[in-house]
Amino acid sequence: MGASNAWLMQPDFYASSCPNVEQIVYNTMKQAVSKEPRMGASILRLFFHDCFVNGCDASVLLDDTPTFTGEKTAKANANNSIRGFEVIDAIKCNLEAACPQTVSCADILALASRDGVRLLGGPTWKVPLGRRDARTASLSLANQNLPPPRSSLANLTSLFARQNLNINEMTALSGGHTIGLARCINFRPHIYNDTDIDPTFAATRQANCPKQAGNGDFNLAPLDRQTPNKFDNDYFQNLVQKRGLLHSDQELYNGGSQDSLVKKYSTNQAVFFQDFVAAMIKMGNIKLLTGTKGEIRKNCRVIN
C-alpha cells in the first residue's frame, strides 16, 4: 500500500509546473460526459481497474505491441468492455499543449474519475497528486486481482483486502455502480439462476438478455435501474429491494455482514458520499510510483 509515499502526494503538486491542470481535465471531461453520460462511469471503472492491478500507475492505458502485452485483454477488460481511452488521450493532448511532459497519465486518471463523479451529481474532493507512470503492465495480475461479476462476498472481501481496503470501504466503492451499464454476459447468471432477486426485476432484465449464452451477450442494462446517469444512493436502495444487477452487487445485501451498511447508505446519501470519497482517496494511494520512479508518459498508450 502507498502509505509510505502518500506523504509526497499533495493536491497542489502541479501549482507551479502546470497551474491549470484541474481546469483542463475538468473541461475535457465535461465535454465527454455531456456527449455521453456513461463516460463518467467508464472513466471511474478505468481508474479502479488501474489501481487494483499494480497500483495507480496508468498501466491499464498501455496498448499491446508485438513485444509487449498490456492489461487490455484481461478477462475483466476484454472485448472493449473497458473503455474511455480516447477521453484520456484528449485530456493528455490538452495538457501536453499547456505543460509538456509534466502531468502523469496516472494523475490524469485520478482527476478524471473524480470529475466524472462530480459531473453526474456526485461528491467532489481534493485529489492528492504526484503519481508517476509505470513502464510495465501485468496481464496476469489483472486476471488475478480484478473482481469478477460472479464473485461471492468472501471472494470480493479478499480481493479488496489484497489492496488494503476493508469490507466497509469495499461496500462504499461498490456504490460506484450507481452509474454506468453492464453487459448481459455479466448479469445473465444472476437474473436466471439466483434466488436473491426480485422476480419482476429479473423478468424485466431477461427481456433484453436471452438465457442462451452467445445470444445478446453484449446487450446493455443500467447497473442502477432508477437513475443510471446520476451519482446518488439509489444503487443501495435497489439492493435492499433485491434489484442488484450483478451477482456481486446483490452479495452486499444478502443476509451477510454488509446488510446494515447497505441499509444505512440506502437512506443516507450524505454518509455514503462521505465514505465513498474517503475510500476513493485511499484507493488512489495504492502502491504509487513517486519521485524518480517510473516516468511521465508523453502518450498514455505507450512508454516513452
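Positions of Cβ are set from backbone N, Cα and C atoms, glycine also.
The feature domain 'Plant heme peroxidase family profile' is assigned by TrEMBL to 8-304.
Every protein chain shown contributes to the tally, and the Cβ of C18 (disulfide bond) ends up with 18 other Cβ atoms within 10 Å. Residues or ranges marked as disulfide bond by TrEMBL: C18-C99 (among others).
In sequence order, I82, G84, G176, G180 make up the list of same-chain residues 6 or more apart from R45 (site 'Transition state stabilizer') whose Cβ falls under 8 Å from its Cβ. According to TrEMBL, the feature site 'Transition state stabilizer' maps to R45.
Around D50 (Ca(2+) 1 binding site), the C-beta neighbours below 8 angstroms that are at least 6 residues distant in the chain are C56, D57, A58, S59, V60, L61, A106, L109. The Ca(2+) 1 binding site annotation in TrEMBL covers D50, V53, G55, D57, S59, E71.
Under the heading disulfide bond, TrEMBL lists C51-C56 (among others). With a 10 A radius on its CB, C56 (disulfide bond) counts 28 other CB atoms from all the protein chains.
The feature disulfide bond is assigned by TrEMBL to C105-C300 (among others). Sequence-distant neighbours of C300 (disulfide bond): residues of the same chain at least 6 apart with a C-beta under 8 Å from its C-beta are A58, L61, F85, I88, D89, K92, C105, I108, D133.
Taken from TrEMBL, the feature substrate binding site covers P147. Listed in sequence order, A76, N155, L156, L159, F160, S248 are the same-chain residues at least 6 apart in sequence whose CB falls under 8 Å from the CB of P147 (substrate binding site).
Of all the Cβ atoms in the protein chains shown, 25 others lie within 10 Å of the Cβ of H177 (heme b binding site). For H177, the entry in TrEMBL reads heme b binding site.
Other C-beta atoms found within 10 angstroms of the C-beta of D224 (Ca(2+) 2 binding site) number 27, with every protein chain shown included. The annotation Ca(2+) 2 binding site is assigned in TrEMBL to T178, D224, T227, D232.
Summarising the annotation, TrEMBL assigns disulfide bond to C184-C209 (among others).
Of all the recorded positions given, namely V53, C99, C209, the one with the smallest number of surrounding CB atoms inside 10 A is C99. Considering other CB atoms within 10 Å as the measure, the emptiest surroundings among the binding-site residues T178, T227 are those of T227. Taking the Cβ of C184 (disulfide bond) as centre and 10 Å as the limit, one finds 20 other Cβ atoms among all the protein chains shown. Comparing C-alpha positions, V53 (Ca(2+) 1 binding site) sits nearest to H177 among the recorded positions C99, H177, T178, C184, C209.
Rounded to a whole number, the C-alpha distance linking H177 (heme b binding site) with D224 (Ca(2+) 2 binding site) is 7 angstrom.
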